[in-house]
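Provided herewith is a single structure, encoded as structure tokens, for subsequent inquiry.
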């Protein structure tokens, strides 16, 4: 709306003394209106803008109904209202909103009067003065409006003034009394009433512009009654002065003269007295200062240099344009002669060739079959309808949900592969963007350069990988899959409560911890002596060798600075990469568990696969998978690299320099690497014993780079072959998961959870064979399967101090590219073996990695023993009950929403609280992202329908009380960045040499 008004104002600015006529179509209508009727909206902006000029305007339109609307609007504006002699016009009239309590009182009107007033003499005067002060403190309208919302929610004027970054401000101007005509108009009166009612949440419409980010307590709706006028008061335009009629000499040229223009009044009425123009208020009754006449269709004069002198718009006519696309344009008919002989102006003479061109058929180009209907019927009403993209990366707003439908029931749909646009290498553009960034080092230029640089890297990596895998790259035949989409989940309203101070919020969290975990809050880490002094940079510690550079040995550790954590959960900072820690990790965490089983290895594996297919799968696809194997293709390597984010693409670019071909990559080589982060579990364990070092057995980087391309196809095939009630969480958002589970979990329903101890280590030979057989059945091509098989199975190694050679059994290596996928398949296989028909008949079962839940199943005495005897797995079984002991899955609780009657998953607030007590490196810059993530979770915790369930969940799992106070505190801390910074204490410097 604002852009449309600005365009018309720009057109009006082109008028000067030499431009007396304009021919203009209505902008943003027809095909360009986005499926909406914008005729009157566009027309009103045209009136408002061109009222400041002195031109005669011809409006072109092709639609008869539009012509009628436009003519009626012009007639309404040019109509003259006759007033009685004894009528008194009230000059001090203030226009107010139709819903105002001031309607009908002396000095106030709903159709006429001033639009800006302090509302003196009313109880809303002080509020109007306060509202008017905002634009002087914050010139940007969005920022000023945001402060008004804070004022409504109870913030004092003094507090708002202290937030202003400057000391000196101008005097205020009266606020607008009618910003729009809908029920949510933010008039001074409504602001006063909302503030007096001490509301915690209120609604504003789109006529009250706010910043893009979410403001707590403020809901936004589209304005249902926009005021279609420009808030800026038009400049004063003196009335047009008409010259005395005189006979002008005819053109002496021998050519044809076309389109003569009449200047002068054709009206029989005398002009009225000039009236100073007022801001356009009501389109129904407007006094015109000039006589009315109709004129002929006039051509548009050639563009001339614009001048700034404004004129008043006085005459308009609607001239219909022929509707067909190819039709001879006839010269317009002459109108009846005027009462006075007009002055004739000739626009120049045209030769015969130009006349022939003018009289020819005009052809605008025809639409293809169905093209026009498709353009006009395109529904562009949802978020993401308009996709903006940079010159490199993919379009924004195109991340669509893959598991949800807008229908009310579950539907089956074909799976369509998402189209990926391969990156193109353009070194010249990268060089130019680098120069541009060096000359003007702004954030925007830096971002453009980095985008192009990453794009070039990706293009080069794709070429390298395709070259290295050329023996394996073959064309493939696609399978047709069906997926099930679920209705979009419903959530109850989120009502947030905030504490007045962030310091109070931190104190509330610490008080909760001290009451429930007294040993945690009393625990102190002695910073100065917490690390060994054998710091080594650049060490490499593998299972059978260790290497470091002697020149990098130091007598004291590097300097280490971090913010002290204000929340006293005593979580240690990340492990330092010292030789001591790395070797401790390598020696303590590298052995698999003992294998004990009854069936022979291969028999057990075959039985596993048969149970998986019988109890967890349909039988629609296995034959097709065998006929259409999964191979490495150009498309899936391209797709994998294209989706990589910048840092990972740069790392892969470095690793693929001078790369080996795929057939020479050692698939069985794994390097032990240490996870630096400490695993956080709510409780006191981390204070009672030294935190365990987690280890990644990192596969050869090139093995991952070459073979990751087949992962998406494997996921698609697995999801297609599973029963409709069995789900994996691959490629799924939290909202997608809520959509899947929302209808199935009801209060009192039994839910089976299993917690498998040391899942990766416990996988023996039979489970390794099971994984390989399932990969083969899903259609992985034989050459690729041989490569993958080398990374399963046993590894031979050497004990460094003694030189003893030993073998690892077939444990799962956490750094292999298929670890999560195979773990999920084996998890479902274990459930199929021990539950059998109970899994098939369950309403809903979900699996990811070693985590699972199965609805409607209660455990029996044999369940854990079967897992141990048949599958070599030590399993802890939890019988959860909805609403009494809510189930725990993927780091969150599945709770029932009492308002919507559906269930959803919410994150574990206690785990979140413990994580906030982790020390943060001093140079960290990610706090705003952390705050935003915490704010999203806080919004979910504050849903009104899940409060009772969340309390029950925390009580049953952790036996803690008062989690509501913690949620209020976390909501307060996540409210803004200023609050969130209260989690970070002063910077502490460790080491760095003798003191």
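Positions of Cβ are set from backbone N, Cα and C atoms, glycine also.
In case it's useful when we look at the structure, here is the feature table from Swiss-Prot:
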{"type": "BINDING", "residues": "30, 32", "note": "ADP-D-ribose binding site"}
{"type": "BINDING", "residues": "180, 182, 205, 223", "note": "Zn(2+) binding site"}
{"type": "DOMAIN", "residues": "749-864", "note": "domain 'RdRp catalytic'"}
{"type": "MOTIF", "residues": "347-350", "note": "motif 'FGDF'"}
{"type": "MOTIF", "residues": "364-367", "note": "motif 'FGDF'"}
Translate the DSSP assignment of residue 205 (Zn(2+) binding site) into the three-state scheme.
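Going by the DSSP assignment, residue 205 (Zn(2+) binding site) falls within a strand, counted as strand.
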Which residue counts does DSSP give the domain 'RdRp catalytic' (749-864) for helix, strand and coil?
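Going through the domain 'RdRp catalytic' (749-864) residue by residue, I get 48 helix, 27 strand, 41 coil.
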Identify, in sequence order, the residues in the chain of residue 182 (Zn(2+) binding site) that are 6 or more apart from it along the sequence and have a CB within less than 8 Å of its CB; answer 'none' if there are none.
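Looking at Cβ-Cβ distances below 8 Å from residue 182 (Zn(2+) binding site), excluding near sequence neighbours, one finds 205, 207, 223, 224, 225, 226.
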Check the domain 'RdRp catalytic' (749-864) for me and report the mean pLDDT.
83
Return the count of C-beta atoms lying within 10 angstroms of the C-beta of residue 205 (Zn(2+) binding site), excluding that atom itself.
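A 10 Å sphere around the Cβ of residue 205 (Zn(2+) binding site) contains 19 other Cβ atoms.
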Residue 180 (Zn(2+) binding site) has how many other Cβ neighbours within 10 Å of its own Cβ?
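That number is 21.
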Apart from 180, 182, 205, 223, which residues in this chain have a Cβ no more than 8 Å from the mean position of the Cβ atoms of those residues at the Zn(2+) site?
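Near the Zn(2+) site, beyond 180, 182, 205, 223, sit 179, 181, 183, 184, 185, 206, 207, 208, 221, 222, 224, 225, 226.
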Counting every protein chain present, what is the number of Cβ atoms, excluding its own, within 10 Å of the Cβ of residue 223 (Zn(2+) binding site)?
19
